[in-house]
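Per TrEMBL, the features are as follows:
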{"type": "DOMAIN", "residues": "A:88-117", "note": "domain '4Fe-4S ferredoxin-type'"}
{"type": "DOMAIN", "residues": "A:118-149", "note": "domain '4Fe-4S ferredoxin-type'"}
Amino acid sequence: MTVTFYQNEANDLDKKYSALCDLLQHGHHVTCTSQTQALQGSSIVVGEFAGDFPQDVEQLSCPIVDLSETPQVMSKLEQSTEKPWKPWFPVIDYDRCTNCMQCMNFCLFGVYGLSNEQKLQVQTPQNCKTECPACSRVCPEAAIMFPKYKAGPINGDEVSEEDLNKEKMKVDISSLLGGNIYDALRQRSERAQSRFAKERDEDRALKERKRCLKKLQKDLDIPDEVLNSLPIPKHLLDDSSE
Amino acid sequence: MSEKPKILYCHCAYSRAVPKEVKMEVLRKLSDSGVNFEAVPDICKLSAEKSPVLKDFAQQEDLHIIACYPRAVKWLFKSAQAPLQQQKIANMRAQQAQEIIDQVMEK
Ligand code: SF4
Ligand code: SF4
């Protein structure tokens, strides 16, 4: 809901700031204005009036919250009991994207789709797994951003040559689907496995595979929840007795 | 007709991506200054919802946006079919609060 905050010189600055923080934190868009004309069409007006409303305000048909009488602005507004969705989803930089579709093939959650012109699109952002930036790592062009991610260039910071050359930017799409990741794991644990073969210690071989998988998971920053919904762990377990 | 505010502040309400002290100081300074401004909880959310509000903002060429990395903000607007024009974008993840305020108040 859009709230109009009517500001004037009489505002108690602490009260005003605290009301703004509360409104924003509860998901309200706030227009702060000192122009009474801007109040027309508001869904709700907040201000400090001490019961003495200017004529333009008095004539409004929408609800008015007077902070001088109701310091807790949220007590007058409807509050949702649902936990808000953290808006976490991929954002495509079309200056970089080559429409190779690797991200779409990689994502198991139906976040991506194609436009009528067969152009890659983020179609269902709500399906994206919070905190999982894995598809940005499969994009060979570093074209996928997660604006709330901690580090660049995934957070939207400029892409450097160095970023493009980073090995983790080039994880093949089949990796987490059990193809190349399996080879990668095999290579990574080659030395350990030959030792295990001698020792015929399958438990240790399995442990090593799990350790390698954990390492890749850490490199790619993939949350457990996402990894568990991919076929790899079972695949690895099934293969561990090879 | 009233003039639309020329500043759009994003509160990045659902994550800690933007340092809290920076966004709080920016908001406090905007609020205390008495300047007219728009404050939204989260541009990312508006973009995911393809909110028409973003189209309104995108049409205001002289708008100063205070959010995060300009590349992210540009494509968040674009993906909501609200391409930005020449709007300036201040980055609360990389700039100091005072620097941003000086910039938007054109000191
Ligand atoms: S992987 Fe990158 S370049 Fe390829 S379609 Fe996806 S965003 Fe575009
Ligand atoms: S646009 Fe940037 S500052 Fe705004 S909510 Fe998204 S990540 Fe946060």
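Cβ atoms are placed via backbone N, Cα and C, with glycine included.
Keep in mind the model is a prediction, meaning the values are calculated, not measured.
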Same-chain residues at least 6 beyond the ends of the domain '4Fe-4S ferredoxin-type' (A:88-117) whose Cβ lies under 8 Å from its Cβ atoms: 123-132, 134-136, 138-148, 156, 159, 173, 176-177, 229-230
Tally of DSSP helical, extended and coil residues in the domain '4Fe-4S ferredoxin-type' (A:118-149): 8 helix, 5 strand, 19 coil
For the domain '4Fe-4S ferredoxin-type' (A:88-117), the mean pLDDT of the predicted model: 95
